[in-house]
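What TrEMBL records for 1-96 is domain 'DH'. The domain 'PH' annotation in TrEMBL covers 125-224, 350-447. According to TrEMBL, the feature domain 'FYVE-type' maps to 264-324.
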Amino acid sequence: MYSEYVKNFERAAELLATWTDKSAPFQEVITRIQSSEASGSLTLQHHMLEPVQRIPRYELLLKEYVQKLPAQAPDRADAQKALDMIFSAAQHSNAAITEMERLQDLWEVYQRLGLEDDIVDPSNALLREGPVLKISFRRSDPMERYLFLFNNMLLYCVPRVIQVGAQFQVRTRIDVAGMKVREVTNAEFPHSFLVSGKQRTLELQARSQEEMISWMQACQAAIHQIEKRNETFKAAAQGPEGDTQERELQSEELGLRAPQWIRDKMVTMCMRCQEPFNALTRRRHHCRACGYVVCARCSDYRAELKYDGNRPNRVCFDCYTFLTGNVLPEDKEDKKRGILVKASMAGSEQSLMCSFLQLVGDKWGKAGPRGWCVIPQDDPLVLYVYAAPQDMRAHTSIPLLGYQVTSGPQADPRVFQLQQSGQLYTFKAETEELRGRWVKAMERAASGGVPQGPNNGDLSD
């Protein structure tokens, strides 16, 4: 409570001053309070400041008290204990204030950079910022640029000509991981240094020798912290003899039992491709086989896991290769061409339900076309509609989850409908028995369950 009060004190004082100037009725209320006997002829700001000063005053009082107590005084142990508690409270409040100031400063920096999605991260720490000169291979004179060095990245920016909103445009982001920095001996451009990263190499010029050394030391410190963190992370995966165990559940257990998931906050980058995470474009996912925290690209694979009843689960590429024996997923190329590019499952072995259905109504374009309808085993919650059983591309796909399966017009018992939020699809089966099987399969898929496949009752025709 004390830390929250201290963090909010400055804003509360500003609000009090602002509304005292803006609002005469508010000022009148404040004056009436301050003139009351309970106020003791002191201003409201003075009373607001009292809780902020209370902990430091206690600390000073107890320090002096402990110093003046005789060594054998019976109260000395309790007094020292009280001083330690007050000191801890003071540290906590100071840390809270420091963190609030850090976040406020960081937010102001982000605003100057235009709040770009892949940059904004409250866990970042700004280490240094300032202007530099960029040495160009094409121009004889260096160009004015601006650098922002964070704990995990170096932003190479250009000042905007019209500074409405953002003051800088980010030209290049260089990850601190893998970055190198060294001094460059250049008679034409003194005080030069080279920053080399995975994304780009920059030759920069400082305005003085001291400024160049300061930039290089700041970059080296950031690199050292990243390397130290990576070494700590690697050590966590080491065995008692120092053998890297790769957390593969001893590989022979992979997929046989649930892994221990690594907590999200324990990593800042994908544990497979080492690309940094962010809140929007590269989010965290867990491989269900090894428990690693990976990005969507590195976990865009599915493999059957025995501990989950042989159901397909999201896994990383390494686990996919080990569990399936495939070097590349068979449908990877198909995914890139679009969700409708999916080979028609003509055989009952590859589908949970498939048959021809009459497509009734204007929803399908021409009245009454006949379509080959499939609920595939590897995508059991989606209905694909093909023009023919051997087509490689479906002309329609319907996610069944959440749809209601209803009966059609009473005149024809072979008709049934899919309905959701204004969407209505009408189908007509060749027989009532086939209609019953389709309705059962779609109802299970619409509720999130997997329809029973051919091994548990034939749904194919």
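Each Cβ is built from the backbone N, Cα and C atoms, and glycine gets one as well.
DSSP states for the domain 'PH' (350-447), grouped as helix (H, G, I), strand (E, B) and coil, give 19 helix, 42 strand, 37 coil.
Sorting each residue of the domain 'FYVE-type' (264-324) by its DSSP state yields 17 helix, 16 strand, 28 coil. Confidence for the domain 'DH' (1-96), expressed as mean pLDDT, is 87. In terms of DSSP helix, strand and coil, the domain 'DH' (1-96) has 81 helix, 0 strand, 15 coil.
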